[in-house]
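A.B. asks: Reproduced below are the annotations present in TrEMBL:
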type	residues	note
DOMAIN	338-564	domain 'PPM-type phosphatase'
TRANSMEM	21-39	transmembrane segment
TRANSMEM	51-72	transmembrane segment
TRANSMEM	84-106	transmembrane segment
TRANSMEM	118-137	transmembrane segment
TRANSMEM	149-169	transmembrane segment
TRANSMEM	189-206	transmembrane segment
TRANSMEM	218-240	transmembrane segment
TRANSMEM	246-264	transmembrane segment
């Protein structure tokens, strides 16, 4: 609503301004006719010549000023309109100079002929009218790829043609003025044509403005109207010394002045004004942004402090939880009956998702397992606690219910318990469960999805992977699938060692970025040679630390060395 009111006010101001220009021009025009008809004013040739020189120089200077503004701002906007208008006033300014230099009474290098300055005048006004029409009918967004230097060459060529017609071949041209008689019909017809062109120019510019009453548009319309009144004066005067001719020259200067103001406002003052306004707005925006940033910075600082406190608390809690988790692991370098156990866990986060455990089932049997819970961190650690408790429960139930119990039976029961839990469906566990009987030196192994086969390290042969099936993971598929876990039996002789591990050991990165791999692990164990389990453990731990330091760690790394230490 406010914008509509502002637009209406601006339209009224524009109409008032243009009406004032037209009314003033009409009054001056009628006053000139009155003076010319009823008051006898005698102007000497010298006086008129001085007036004529002044007005033509002024007109030429304004024309060149318009040309300069448009010519040197063309590189910014590349508008075809500007190039046409610049070239038009460049030609007009040069022709006005030639008109002045060849005028009767001027010292001139050219042959004196009364027709020459008149033709320069007619061509100047005609080219101005045509140039304005072409410029005003050019699309507003029309761009030009023409280099502006070429337009000057075109302008000079046009001036050259006019010069030849007005000076060299003027005798072959129809006379425009006759001494002692005044203007010829040819001159009057030309003035009518030029006047008509100026009227068309006014309508063309009004159409181009599209009802937008900017300062530049008002000045341009005022200049065109004054130019029209100038043409009417030149069309009606009889004697070059009468008041209509003088008034016409004054209208011409005023017309050029308004057009210059329009061009200057649009191409120079308005862009700078917009820059200044944008600078002011930018300054205000910067101030607002500065205040907002200070407030936001203070808010962020406060939040950071709170986050630091929370982060510190979480770290402390994780550190405490990590210590609790470590306390749940069995003691390292532990001897149970005739087996020695050594293990290492390298969590990739504060808490490990890998678990290892070994324990005495009864006087004859020892149980052990290694597991890898999906994920890392707190969630995996909590799931690991559940798994450890469930394994213990499964082992106790099977021990009570069967005179002979097996790792496969334990895994089957654990699978059933897991499917009764409320853990998310995507959670799963892979593990290897084993049992050793000291009477027959037999180790029974069963795998639930752990794709890392145990390594048997013997004094009589090279280390080798045990050929056992990896089995099915412990997961939430009990409703659709019931796995059949299998037992695998081997004999563990005196001095032999069994290495069980999770996939983090073989998938840790070497310095070149590749996985260490199962073959590299086997070759490394072979390079250590026959040695007690604690030496194997220390060397393997050193190699893991070296790899982690060089290439980082993507997963938990866990292994356990089981050595038979007595016959």
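A Cβ is built for glycine as well, from the same backbone N, Cα and C atoms used for every other residue.
Could you place the listed features in the three-dimensional structure?
C.D. replies: Within the model, the domain 'PPM-type phosphatase' (338-564) carries an average pLDDT of 85.
Beyond its flanks by at least six residues, the transmembrane segment (21-39) meets 222, 225-226, 229, 232-233, 236-237, 242-244, 246-247, 251 of its own chain at Cβ-Cβ distances under 8 Å.
Remote same-chain partners of the transmembrane segment (51-72), defined as residues 6 or more beyond its termini with a Cβ less than 8 Å from a stretch Cβ, comprise 82-83, 85-87, 89-90, 92-94, 96-97, 99-100, 103, 106, 148, 246, 249-250, 252-253, 256-257, 259-260, 263-264, 267-268.
Long-range contacts of the transmembrane segment (84-106) within the same chain: residues 45-46, 49, 52-53, 56-57, 59-61, 63-64, 66-67, 70-71, 74, 112-114, 116-117, 120-121, 123-124, 127-128, 131-132, 134-135, 138, 148, 151-152, 154-155, 158-159, 162-163, 166-167, 263, each at least 6 residues beyond the stretch ends and with a Cβ under 8 Å from a Cβ of the stretch.
Residues 81, 84-85, 87-89, 91-92, 95-96, 98-99, 102, 158, 162, 165-166, 170, 173, 176-177, 187, 190, 193-194, 197-198, 200-201, 204-205, 207-208, 224, 227, 231, 234 of the same chain lie 6+ residues outside the transmembrane segment (118-137) yet bring a C-beta within less than 8 angstroms of a C-beta in it.
Only residues 6 or more beyond the boundaries of the transmembrane segment (149-169), in the same chain, are considered here, and those with a CB under 8 A from a CB of the stretch are 83, 86-87, 90-91, 94-95, 98, 102, 110-111, 113, 115-116, 119-120, 123, 127.
Within its own chain, the transmembrane segment (189-206) has Cβ neighbours under 8 Å at 122, 125-126, 129-130, 132-133, 136-137, 176, 217, 220-221, 224-225, 227-228, 231-232, 234-235, counting only residues six or more beyond its boundaries.
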A.B. asks: Could you give the residue numbers and ranges of same-chain residues that sit at least 6 residues beyond the transmembrane segment (246-264) on either side and whose C-beta is under 8 angstroms from one of its C-beta atoms?
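C.D. replies: Non-local partners: 25, 28-29, 32, 43, 48, 51-52, 55, 58-59, 62-63, 65-66, 69-70, 85, 216-220, 222-224, 226-227, 229-234, 237.
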